[in-house]
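Okay, so here's the structure we're looking at.
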Amino acid sequence: MAPPLLLLLASLLLVAARRALGLGLGQWQPGHATFYGGGDASGTMGGACGYGNLYSQGYGTSTAALSTALFNRGLSCGSCYELRCAGDHRRSCLPGGATVTVTATNFCPPNYALPSDGGGWCNPPRRHFDLAEPAFLRIARHAAGIVPVSFRRVACARKGGVRFTVNGHAYFNLVLVTNVGGAGDVRSLAVKGSGSGSRVGGRWQPMSRNWGQNWQSNAYLDGKALSFRVTAGDGRSLTCADVAPAGWQFGQTFEGRQF
């Protein structure tokens, strides 16, 4: 019979392996990449994930708009991918086999007026990354325009904790979740207000995804300290207790713990 310590280590390795498989870690897949947004990536701001200014949110220029096959109707927002150029290394790819890791921050819509191999790069079922230009130039030459790539899901490395920006008004609370480490994407969000005597006081209430990574609650939360429970795409959950104090205001951002 194996010693208890060895059994514990084996169990931990099994859990880690399952999480890695859930993220698709190590599973290189074929796709294509183009670029947009200009040399400073200013044209990538905003986007279908709702992150707004990608500089101030910490995503910088290492970002990508995903095609329909990858975007998953917005549930992939915040996920991270490692890409390497797989084209003609003399004409398209940079030498040395460099890779770049990007965060999904936008949607690359299909263009059915053009064929998939002639301008409709993001048409289903193509797995396509429209990279911020600086990210593209880390693996390929500008003149290439479009290159075949190999890609895989990877864990997201973030500085600081998960951030919650509370927008909206009384009875309509729209919470933007950013800077999520690990899986990066958010599959569910719940809110709990402090105290008791209301629908959310002292108990968890699920929020519904409005768009991108904006999550909605129609409860009256004013004057209550807010706790959030985040469940990521790999099934892991994180509770950030009383992350917003009772005197919070709409438009403020609060930072909690990290995965």
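For all residues, glycine too, the Cβ spot is worked out from N, Cα and C.
As annotated by Swiss-Prot, signal peptide applies to 1-22, with the evidence given as sequence analysis.
According to Swiss-Prot, the domain 'Expansin-like EG45' annotation covers 46-161, on the basis of sequence analysis. Confidence for the domain 'Expansin-like EG45' (46-161), expressed as mean pLDDT, is 97.
Within the same chain, residues at least 6 positions away in sequence whose Cβ sits under 8 Å from that of Cys49 (disulfide bond) are Gly74, Cys77, Gly78, Ala104, Thr105, Asn106, Phe107, Gly212, Gln213. The disulfide bond annotation in Swiss-Prot covers Cys49-Cys77 (among others).
Secondary structure at Cys80 (disulfide bond), taken from DSSP and collapsed to helix, strand or coil, is strand. Counting every protein chain shown, the Cβ of Cys80 (disulfide bond) has 24 other Cβ atoms within 10 Å. Feature annotation from Swiss-Prot assigns disulfide bond to Cys80-Cys156 (among others).
Sequence-distant neighbours of Cys93 (disulfide bond): residues of the same chain at least 6 apart with a C-beta under 8 Å from its C-beta are Cys85, Ala86, Gly87, Ile139, Ala140, Arg141, Ala144, Val147. Here Swiss-Prot flags Cys85-Cys93 (among others) as disulfide bond.
Look at Swiss-Prot and you will find 171-256 tagged as domain 'Expansin-like CBD'.
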Number of helical, extended and coil residues in the domain 'Expansin-like CBD' (171-256), per DSSP: 0 helix, 46 strand, 40 coil
Densest Cβ neighbourhood among Cys77, Cys85, Cys156 (disulfide-bonded residues), 10 Å radius: Cys77
DSSP three-state assignment for Cys93 (disulfide bond): strand
